[in-house]
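Novice: According to TrEMBL, the record shows the following:
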- ASP90: active site (ACT_SITE)
- ASP276: active site (ACT_SITE)
- CYS103-CYS108: disulfide bond (DISULFID)
- 72-386: domain 'Peptidase A1' (DOMAIN)
- 1-16: signal peptide (SIGNAL)
Amino acid sequence: MRWLVLALLCLQLGEGIVRIPLRKSKSVGELMREKGVPEGVLKGLKGDPGRKYQFSDAVAYETLTNYLNSFYFGEISIGTPPQNFLVIFDTGSANLWVPSTYCQDPACVNHNRFNSSQSSTFSDIGVTYTLRYGFGDVSVVLGYDTVTIQNIIVRNQEFGLTLDEPSSPFYYLDFDGILGMAYPAIAISGYNTLIQNMMQQSQLTESIFSFYFSRNPTYSYGGEVILGGIDPQLYSGEITWAPVVEEVYWKIGIEEFAIGSSATGWCSQGCHGIVDTGTFLLTIPGQYMSAFLQALGVEENEDGFVVNCNYVPSMPSLSFVISGTQLVLPPSVYVLNVSNNGVCTVAVESTYVSSSSGQPLWILGNIFLRQYYSIFDIANNRVGFALSA
């Protein structure tokens, strides 16, 4: 029934607007446990959440910092005839890459791989590049081909074909690759991003895309990404618009952060927040993490930041003031019940990285975006939020 509703809504959205259903994976920790990976190995594989938001001309720093958590992904096709891939639609990076038959590592062989010899529209660029993660590097060689996302067809799109991938964690992931949707400033230089080519090739009705993440996601339905517009049936109330403060990431200003009814003052000199669909957790500036945990009564152990599940209903809400509007996260959103032993996990992490102009930096990942439908307005360089339906 859900898919019938989606099909009808797709018709209502109109030509030039495409809806892609998103699936939600299990946490990578769960997937690795199912494959028999020892707990000691899991606990030793911690990524560096800061590396994603540092970049240079030599390497591209990409997503997957929160790889022991869950991801949301959807389907695209590359080549002629089309070869299908499951990718993260990631507003925190800007490159498109998928596994390829050039790569013989177990992580590649265990996923869908692009075979350039089977595509009549493929052309080789031959340039190699490194996509750097907190726990290993992915090497790619660049090529051009046709990318298809339902009825959107982008021709001569540059993308990365993997040459090698580290087994941990890529071998265990449910998705194949990543489709970056951030600004060209953090893409491989000299080539158009997929979003740029969608606009230049008149594949979008409007220069806009939006995300809906279900509060009760499953593997078969975790949300939707809509290319070329918004769907008013997926949110309620007014849209709060925030201008992008730096056209690199989808980075906006945060005027205040409150715990319960108490303003913290942490953003009295201004904070920045990156709206990142490729990150699962809510990421807090490292200098405030200790005070944050103390205010919530949260303990840290080898499993993360935990609290007795019985205490969750009485925990305070978290509030961000963005463009003068208070956006609230109740504890039912930011606390996850992921075990059966009465212990709940607070879905946060910290980062040492500040914004490029020195402000404390927050990362508004899937936890925040479950509560708020998010709209990325390319033409006007702004991000919109409205309460999810």
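Any Cβ shown, glycine's included, is placed from N, Cα and C.
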Novice: If you compare CA-to-CA distances from ASP276 (active site) to each of the recorded positions ASP90, CYS103, CYS108, which comes out shortest?
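Specialist: Out of the listed candidates, the nearest Cα belongs to ASP90.
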Novice: For the active-site residues listed here, ASP90, ASP276, which shows the highest count of neighbouring CB atoms within 10 A?
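Specialist: The largest 10 Å Cβ neighbour count belongs to ASP276.
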Novice: Tell me, roughly as an integer, the mean pLDDT over the domain 'Peptidase A1' (72-386).
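Specialist: Across the domain 'Peptidase A1' (72-386), the average pLDDT comes out at 93.
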Novice: Which one of the disulfide-bonded residues (CYS103, CYS108) has its C-beta surrounded by the most other C-beta atoms within 10 angstroms?
Specialist: CYS108
Novice: For CYS108 (disulfide bond) and ASP90 (active site), determine the Cα separation and express it in whole Å.
Specialist: 20
Novice: For the C-alpha pair, I'd like the distance in angstrom between CYS103 (disulfide bond) and ASP90 (active site), rounded off.
Specialist: 23
